[in-house]
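Read through the structure below, which is laid out as structure tokens, and then see the notes.
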Amino acid sequence: MDLSKLNPPQREAVVTTEGPLLVLAGAGSGKTRVITHRIVHLLDKRPNGLLARNILAVTFTNKAASEMKERLVHMAGPRAQNVLVCTFHAFGAEMLREDIYRLGWPKKFSIADQGDQAAIIKRAMRERRIDDREFDPRKVLGLISKAKNAGKTPEPLGEGLGDDYDLIAHMVYEAYQLSLKAQGSVDFDDLLILPSRLLREHEDLRRKYTSRFRYILVDEFQDTNQAQLDLLKLLASGETRNVCAVGDDDQCIYSWRGAEVRNILSYDKYFPGGKEVRLEQNYRSTQVVLDAANAVIAQNPERKAKQMWSERKGGQRIQVVSAPTEEDEARYVAQEISRLVAGGIPPDEIAVLYRVNGQAHPVEEALREKNLRYEVLSGSEFFDRREVKDVVAYFKLIANPRDETSLLRIINVPARGIGDVTMERLVAHARRDSVSLWGAMERSESYEDLPAGAATKVREFQRLVERYRESYEHGHLAQVTRQLLEEIGYKDDAKSLTSSQASAERKLASIDFVINSLETFEKREGPKASLLTYLNRLSLDTRQEEEEAPGGNKAITLMTIHASKGLEFRVVFFIGMEEELMPHKGMQGEAQNLEEERRLCYVGITRAKEALYLTRSAMRVKRGKEVPRTPSRFLDDIPPELVEVLDLDAPRKGPPTAQEQNFFANLKERFKAPQAGGGVAPRVPGGGEGPSGPVSSPPGTARAVR
Ligand code: ATP
Ligand code: MG
């Protein structure tokens with residue numbers, strides 16, 4: 001490999017292959033690049049006969065994993081195929097698939113998603129006579145998850161110093177765990193915790209894994225939690241301790257999900273005797289973007305100070321845009337994007353970032369109006385749709401008959417005459433006889449309180465599921481799914497239950513999307529593709545917020561700042577730069593939370609390579625009322641000489657005013673203007689690399705808003 005494409009500290013990080021290594025550096029300094037180059041270097045050098053399968057690279061999302069894998073194969077050829085690149089959760093799932101039976105789970109375990117978890121916790125609460133309308137089950141789950149990730153069990157005197165929720169979490173924890181296990185399920189946290197248990201309790205497994213993974217590399221290390229650190233320490237507990245972690249303490253943005261910034265700050269304690277490398281040159285952004293990012297993050301106390309510089313001096317100024325309303329803000333963004341795309345910027349080099357998913361809707365609408373293709377990397381919204389959940393529940397039950405949550409979800413969907421009373425009685429029998437619900441159903445005929453007709457229907461359903469279990473074993477997942485849905489009449493049922501044509505179409509489209517995704521999966525995995533591996537993959541993907549919407553690749557990306565980690569775009573629109581959104585209103589109280597919001601702001605800004613827009617609206621409609629909005633405090637930290645301010649203070653309705661027309665005419669003119677080099681420039685013309693000559697703002701439009 002050509003090491004000349006790295007700067008001296010990057011090179012040092014790449015060639016120091018033995019012993020622990022930490023690369024702590026700011027955004028865009030080439031940390032991820034160090035990881036890929038280090039892997040290629042290892043494949044080239046093959047210390048002690050190293051094979052590709054001896055290398056494990058851990059990324060933060062599945063998407064990042066597949067991109068890294070692609071990159072590796074591109075750089076090192078097919079020999080990189082066997083490097084294991086995945087997230088901690090996917091790694092854990094892989095380990096469990098082989099060895100979970102040693103902990104008493106069935107080999108074909110399933111992964112409970114948030115809906116399944118909620119169903120289980122509700123049941124556990126009800127059993128203890130805790131009202132799930134008074135106490136939010138999700139909050140209880142949150143506390144349980146937090147405790148599990150910290151390697152503990154929920155305490156009655158937890159964080160809230162013994163408020164009701166701590167007590168409830170403590171009370172239902174055991175029932176929750178038992179119920180998961182009885183169903184042959186694990187939750188997401190178990191994907192980290194159970195592998196650690198396997199390694200701790202079984203020496204042969206510890207030997208197997210520590211001798212297999214001789215080099216471990218971890219990206220985004222600042223966002224690892226205690227459970228992940230534990231697993232990593234165990235994996236590195238053999239003879240070789242070649243753990244290379246890269247990260248940036250300023251980009252720790254998942255502490256709400258248990259990330260521990262001290263994992264990176266005290267790296268030397270967990271992996272002693274290693275080396276630390278700092279990278280200071282930023283290759284991603286212009287100096288203007290970098291200066292703005294640095295100015296924002298500098299306000300956080302207790303950080304490891306970093307001196308970042310960029311060779312890309314100058315750059316176009318940051319556009320700080322104030323719009324009267326959310327719709328105007330969205331229209332402005334779409335208008336600008338349309339201009340940039342017309343000017344030659346590829347759509348996939350443009351991103352719209354926001355703090356919360358809900359902010360995407362007006363932008364989506366505005367982009368649609370302009371016929372611009374976009375892709376929303378949203379949360380699990382798609383998988384929350386009822387029809388998708390139903391189909392997935394069929395899959396889960398077919399793969400794992402003990403999955404009671406899925407069974408109860410679809411036993412009578414579409415309606416097949418098996419009522420609630422029948423199921424309640426069967427659940428009671430299952431509990432009394434200490435068998436699974438599926439097991440109790442198999443004995444339906446022998447229960448006296450079950451009418452013969454009901455028992456027959458229950459048994460028929462079981463035979464259907466078993467028949468399909470066999471069909472799926474021969475592959476052709478998509479094909480078999482089509483058959484299954486046809487046989488149970490799911491599509492007709494879904495259609496007849498919806499009131500409007502449009503929503504029926506949407507439902508059918510979602511189902512087709514699931515079938516398509518099965519097809520893609522089969523193509524990718526080849527003969528290895530099974531319903532179970534598909535399901536595991538699916539649960540991991542929805543968790544990581546990144547299943548791609550149907551559509552092609554050349555699209556504008558809309559996503560939350562959380563999801564934008566590690567990515568870069570030539571142009572970034574960071575919308576909703578207002579108090580209550582950025583920083584988010586729930587996060588303004590405690591200093592700690594505010595620091596995390598500031599880090600989020602830093603992450604958002606540092607995604608931009610050339611052009612950055614920070615937009616806000618002066619007013620938003622909340623529950624039918626117009627509420628005035630204050631600009632984000634973070635805007636105040638950006639030195640004024642780096643920004644150009646634009647106030648779209650135009651009437652909201654009616655035809656464009658003279659002022660508006662004038663503004664857009666000017667805008668057009670402006671981008672026809674020839675380029676001149678040097679210095680801090682107002683903005684880049686569509687498609688143009690590098691700085692453009694200073695051009696004054698259209699009269700009457702640029703005004704101080706900060
Ligand atoms: P983040 O903190 O956002 O994850 P990072 O530190 O991982 O950023 P990379 O994504 O690895 O940074 O690199 C940022 C950009 O800089 C990439 O486009 C990368 O290809 C480029 N880059 C990094 N190092 C060099 C180098 N030595 N020469 C040229 N380009 C580089
Ligand atoms: Mg990175």
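Each residue's number is its place along the chain shown, starting with 1.
Note that Cβ sites are derived from N, Cα and C of the backbone, with glycine treated the same way.
Record features, source TrEMBL:
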DOMAIN    4-286  domain 'UvrD-like helicase ATP-binding'
BINDING   ALA25, GLY26, ALA27, GLY28, SER29, GLY30, LYS31, THR32  ATP binding site
DOMAIN    287-566  domain 'UvrD-like helicase C-terminal'
REGION    674-706  region 'Disordered'
COMPBIAS  676-691  compositional bias 'Gly residues'
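Mean pLDDT, taken over the domain 'UvrD-like helicase C-terminal' (287-566), works out to 87 on the 0 to 100 scale.
Apart from ALA25, GLY26, ALA27, GLY28, SER29, GLY30, LYS31, THR32, the residues listed for ATP, the same chain places the Cβ atoms of ASP248, LEU279, ASN282, ARG284 within 8 Å of the centroid of those Cβ atoms. Listed binding-site residues: GLY26, GLY30; maximum Cβ neighbour count within 10 Å falls on GLY26. Among the binding-site residues ALA27, GLY28, SER29, LYS31, THR32, the ones whose Cβ sits under 6 Å from an atom of ligand 2 are, in sequence order, LYS31, THR32. The Cβ of LYS31 (ATP binding site) lies under 8 Å from the Cβ of VAL23, ALA25, ASP219, VAL246, GLY247, ASP248, LEU279, each of these being in the same chain and 6 or more residues away along the sequence. ALA25 (ATP binding site) carries a strand DSSP state (E or B). When each of the binding-site residues SER29, THR32 is scored by how many other Cβ atoms sit within 10 Å of its Cβ, THR32 comes out lowest.
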